[in-house]
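Features reported for this protein in TrEMBL:
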{"type": "DOMAIN", "residues": "B:42-245", "note": "domain 'ABC transmembrane type-1'"}
{"type": "TRANSMEM", "residues": "B:44-68", "note": "transmembrane segment"}
{"type": "TRANSMEM", "residues": "B:80-101", "note": "transmembrane segment"}
{"type": "TRANSMEM", "residues": "B:121-142", "note": "transmembrane segment"}
{"type": "TRANSMEM", "residues": "B:171-191", "note": "transmembrane segment"}
{"type": "TRANSMEM", "residues": "B:226-245", "note": "transmembrane segment"}
Amino acid sequence: MTLHARLVVTRPAFTLDIDLRVEPGEVVALLGPNGAGKTTALRALAGLTRMSGGQIGLRGRPLHTLPAESRPIGMVFQDYLLFPHLSALDNVAFGPRCQGVPKTEARRAAAALLERVGLAGRAAAKPRQLSGGQAQRVALARALAVRPELLLLDEPLAALDAHTRLEVRSQLRRHLNDFDGVTVLVTHDPLDAMVLADRLIVIENGAIVQQGTPGEVARRPRTDYVARLVGLNLYRGLADGTQVKVDELLFSTADSLDGPAFVAFAPAAVALYRSRPDGSPRNLWQATIDGIERHGDNVRVHLDGPIAAFADITPAAVADLDLTPGQRIWASVKATETHAYPA
Amino acid sequence: MLVLPAVAGLVFLVLPLAGLLIRAPWPTLLERLAEPQVLEALRLSLVCASVATAVCLLLGVPLAWLLARVDFPGRRLVRALVTVPLVLPPVVGGVALLLVLGRRGLVGQWLEATFGITLPFTTAGVIIAEAFVAMPFLVISVEGALRGADQRFEEAAATLGASRWTVFRRVTLPMIMPGVVAGAVLCWARALGEFGATITFAGNFPGTTRTMPLAVYLALETEPEAAIVLSLVLLAVSVIILASLRDRWVSSP
């Protein structure tokens, strides 16, 4: 039931061209900034957006030649698109009915699915009477009711508030685990992607820029966008042994390699000093404070200078150092907290 | 500067209706309403307007769907053509219908030769004349509703395996139902009041083609009080339709 696809969609000033290979039971998240083309990719898989080229194969059968209604898919839309005039039960029974299942049987199957997502008591409710989290679960049940081989989820949690999101996310993870077909989901939220997916595919400007397990992507970002998502400072340089040259700065790192390389370190690993520290620690540079903002329990300092960087320090440290924007300051990061990997 | 003409305009619109109410023969109203010719005209009007509305629904809703959902060359021209009966003088519509569906008309000739069907000066002719004049009201209303409806629901239905027809029947139609009902009511009201095309194409025969508006016109010369009574009935119907539309579908802020 492997999904094997090359999706090409050409629009004025935008081209999507990506290769996808997803195994049965695997959950792949397409992650990317707004306008990167991830929803377009999902719509192309569903048959809702015409492809300019490429092909889609599912279990060796071509899918791209079929109209949306003939594809073995189930789709959960960002704002769910539950049919407002039908009850939750009839929304879920809609797909089976379209496949020719008799009414009573379709409704029985729908009731069983609603029970599985914990909504047996809301079967008669109209979509407008459901909470966001409930609507999301009905949408999932509706998509699963057609027994799809390919499950597509477009920003499945984006419309939920933070609290509901936490709860629905873990439930969704469980349902995706139980699903033995191919799952492709689209999100711009790194946390959703990390929790829900077995593998991340990062899309920027219509092309894949990085893919791997959530752990790999989080540890070794390859673009500024991914680095920002996972909260790391990221630079591209030239490695020579345990040293990486980034512009004029020479970074000492824990890893040894040669050639073009990325250097990444966490903002919390950056230490700040008012005057040049004694003993000249390595990886030291002079920076200008560009901005200071709250970041969780800490304070995030934006540094400008030979390299742009974020430093996370405690509010107490901000007070001790008496930091103000525009101020010159020394910054350093330990070699053991600096990771280098091939670019 | 604006209030005076505004009040004058209001008086101009309301005074004739008030006159109708003032001059109505209230004591003999029920008696006159029960007269066989009146009841007959009323029955014929209601039946013809309802059947004409059904015809408009059957043909107009798919037409509206075509205009709103299918991108084809010449769509703007077709939309313009659909609205022609809206601005065409009804008498001209009647003449045009005669030319096409009359006994010696383009299609009428063939209909009579092949099926032995003649349409002019029959009840069916009344229905055709009314449908011709009233259909644009339905098409425009339904097309507007279709354009306002979120097409992504139709996409969602497609991903669930619904064919185009199933999508239309089970998703689109229920969602645009208020627009369809509003259009049907307008269409029905227009058909009920139809005069020009009807008298031209279907004539004025009691029992078969003499609808209320025709009866009003005729009665005005012989029996003015009957004309007033019939007019009152039509006025009442109009007011009821307006009220029902306002409450449910045309809720202005």
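Glycine residues also receive a Cβ, built from the backbone N, Cα and C atoms like all the rest.
Note that the structure is a prediction, hence the values are computed from the model and not measured.
Among the listed stretches B:44-68, B:121-142, B:226-245, the one sharing the most Cβ pairs under 8 Å with the transmembrane segment (B:171-191) is B:121-142. Tertiary neighbourhood of the transmembrane segment (B:44-68): same-chain residues 75, 78-79, 82, 123, 126-128, 130-131, 134-135, 138-140, 142-143, 146-147, 168, 172-173, 180, 183-184, 187-188, 191-192, 194, 207-213, selected by CB-CB distance under 8 Å and a gap of 6+ residues from either end. Residues 44, 47-49, 51-53, 55-57, 59-61, 63-65, 67, 82-86, 90, 93-94, 97, 101, 176, 179-180, 182-184, 186-188, 190-191, 194, 197-198, 200-203, 205, 208-209, 211 of the same chain lie 6+ residues outside the transmembrane segment (B:121-142) yet bring a C-beta within less than 8 angstroms of a C-beta in it.
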